[in-house]
Every structure is written in structure tokens, then in C-alpha cells.
Amino acid sequence: MSEPNVKQSARPGANSGSNAGANAAKTGANKPRKSYSSFGQAWLRLRISPLFWISVVIIAFLLVLAIFPSLFTSHTPDHCDLGDSRAPAGGEYLLGADLQGCDIMANIAYGARASLTVGVVSSLGATAVGVIIGIVAAYFGGWVDALLSRISDVFFAIPLILGAIVAMQVTEHRNVWTLSAILIFFGWTNTARIARSATLEVRTKEYIAAARLLHVHNGRILLTHILPNIIAPIIVVATIGIGGLIAAEASLSYLSIGLPPNIPSWGKAIADGQKVLRVNPGIMLWPALALTLTVLAFISLGEAIRNAFGSRKDSR
């Protein structure tokens, strides 16, 4: 008679144990997880991206080279000695000397300053112009969109290098800033198209409609609601654009219509080295290698950022 009582008294304890386990599991499941913004999630992916870190290291080295060239060479580009013409690498000349007896390392270091300045300034300027035109066209629509889109189509039909060649031919004072302004003038169309496409998608969201119903000023809607939500593709195209614009500057200087002779340029160094390519290939190959690594670094950085934001969208 006592055995059933023992079994009966054991059930509540077993039930309470299982209930406690279920409650603990439920509590763990309901425990709030740390949330990240879109940029936070992208940064988490960038931190483990080898492509991102390789690009950052190369760009960081280039910045140090451009800002502190004296760390890598004791010469300046205008310090040339014909007696050292085509001097081999090593000793006084880390990478050797060119045909005029100028230090190749000095030309690369000081040329990095001009190339990076043109690339960054041109990309930032073209991005600003393109974003303004793109979001204004998409947000207001109608005749505004039609007019700005036709203007964009006209500039898009003009090749960047061809337009820059014509503009530089009629420019009296050629320097870093005039070249950057010309590249901005012809180089904003791609950013405008991307900004317009992204804005067309964002402007249909409910929070944009709610802001309009509350009579929020259009400028505030553009700056606080639309721009933050389209900034990811803009960052990508601006980063990749730096590499493309650096290559454009080098191409123009290679053709002797870019930067003037008194400003060191990788394109000019490549053109000078081409004359003695068979005799001393290093004169051309070193600046060509610097240009190639720089362009690839910015393009790879842009691709890494694109993949980080793309992975975030795919995981939703």
C-alpha cells in the first residue's frame, strides 16, 4: 500500500524539475541578443576579411610614403646628377636612378603625394556632385528627374579620359587642383546613377511617407532619412573611384597633358622609363608597380566593403 504513495509523491518533483528546465530554456531563448546597426554588422565582416586588411595595409603604407617621403629617400625629385644616370639599385639610390640621374624612389614617393591627392579629392568631389544630383532627381521626380537624367546621360556619353584630354589642352594653369576639378566635372555620372537608383527604392518606404504627412522639410528628409539609407553603395563606388581616378591622372601625365613637369607623377615616370625599357627596365617597372598596387588596393577595398554590406543583406 505504501508503494503507490511513494510513486505518487515523486511525480510533483519530477514535474517541477522539467518545468524548471523548460523555464530556463525559455529564459535563455528570450534573452535579448546584442543588436548591431548596418554599419556595425558590416564592420564585423570586414574585421575577418583578408582582402580588407591587405588593402588597408597597402593604402596605409602609401599614405606614409606620400606624407613622409624623407623616411624612404634622402633625395628630392629635382635633385638629379647626370653622373649617376641609370645608377643601379642599392647604396645611395634604393631603387636606382633614372636617365637624368634622378632618384627613382624620390619620384615614386613624391609622385604618390600627387596621385593620392588627385584621386581622393576627385573622388570626394565627384561623389558629392553625383549624390546631390541623383537623390534630388529621384526624390522630386517629374520634370526635375527628366531634366537631371538627360544631363547625366550627356555627360555619361563622354569618356572620362577623352573629356579630360580636351579640357586639359585648353587649361592654362595645370596643377593638382585644376586636374582634380576637370576629373570631377566629367566623373560624377556613375555616382549619380547609383544614388538615383537607391533613392527610388528608399523613397517608397513608410517612414518617408510619414515624414511627408507630418510636413517635414524636404531637405531634412533627404539628409536624415534618405542619405543615411543609401550611403553604403555610395561608399563602395567612391572607394573604387579613387583607384580609377588615380589611373586617369597617371594616363594623362603619361601623355604629357596631365600634371606639369615640375610636379612628380607616376605617369610621367612611366613615360620616361619607357624610353630605356630594354636597357634598364627598372626605371619604368618601379613606378608602374606602384601605380598598379595603388589602383588594385582601392578597388579591392571597395570590393571588400561591397561584400560586407552584401553579406548583411543576404543574411536577412
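Here the Cβ of each residue, glycine as well, is placed from N, Cα and C on the backbone.
Per TrEMBL, these features apply:
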REGION    1-34  region 'Disordered'
COMPBIAS  13-30  compositional bias 'Low complexity'
TRANSMEM  51-72  transmembrane segment
DOMAIN    112-302  domain 'ABC transmembrane type-1'
TRANSMEM  120-142  transmembrane segment
TRANSMEM  154-170  transmembrane segment
TRANSMEM  176-195  transmembrane segment
TRANSMEM  230-257  transmembrane segment
TRANSMEM  283-305  transmembrane segment
Contact between the transmembrane segment (154-170) and the transmembrane segment (230-257) (3 or more Cβ pairs under 8 Å, separation 6+): yes
Chain residues in Cβ proximity to the transmembrane segment (230-257) (below 8 Å; excluding those fewer than six residues from its ends, i.e. six or more beyond): 38, 42, 114-116, 118-120, 122-124, 126-127, 131, 135, 160-161, 164-165, 168-169, 179, 183, 187, 190-191, 194-195, 198-199, 202, 265-268, 270-271, 291, 294-299, 301-303, 305-306, 309
